[in-house]
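**Student:** Sending over a structure as structure tokens; questions will come in a sec.
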């Protein structure tokens, strides 16, 4: 089992923006890591404190397939000074035979600055 990290941001605190950005993030993680929904063990979302219009998991449950059977948990991120506002973070637990270096962590929009050390990982992976 491996953990895959990711994050994205939204421009506004609306249900539609949160659902859409969460879907984009999860779909990117699934595509880049060549996953099927059956590979996913669980998903933990955290949001920055000002995002309170929707649970990010609500957007994922709208996807076609077996997503309704995936366990989700949503929480609020610690309000660290100078943190990224309107940010959705995720930790996806997956069953995979990939090595740590083969995992592709996904950071979108303003969240790219959270882990710039991982942004080049797509080119580094065999």
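Just so you know, glycine gets a Cβ as well, placed from its N, Cα and C.
Look at TrEMBL and you will find 5, 89, 107 tagged as prephenate binding site.
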**Student:** Which residues, in sequence order, are found in the same chain with Cβ within 8 Å of the centroid defined by the Cβ atoms of 5, 89, 107 at the prephenate site, excluding those residues themselves?
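**Tutor:** Here the non-site neighbours turn out to be 6, 7, 90, 91, 105, 106, 111, 114, 115.
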**Student:** Give the three-state DSSP assignment (helix, strand or coil) for residue 5 (prephenate binding site).
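**Tutor:** The three-state answer is strand.
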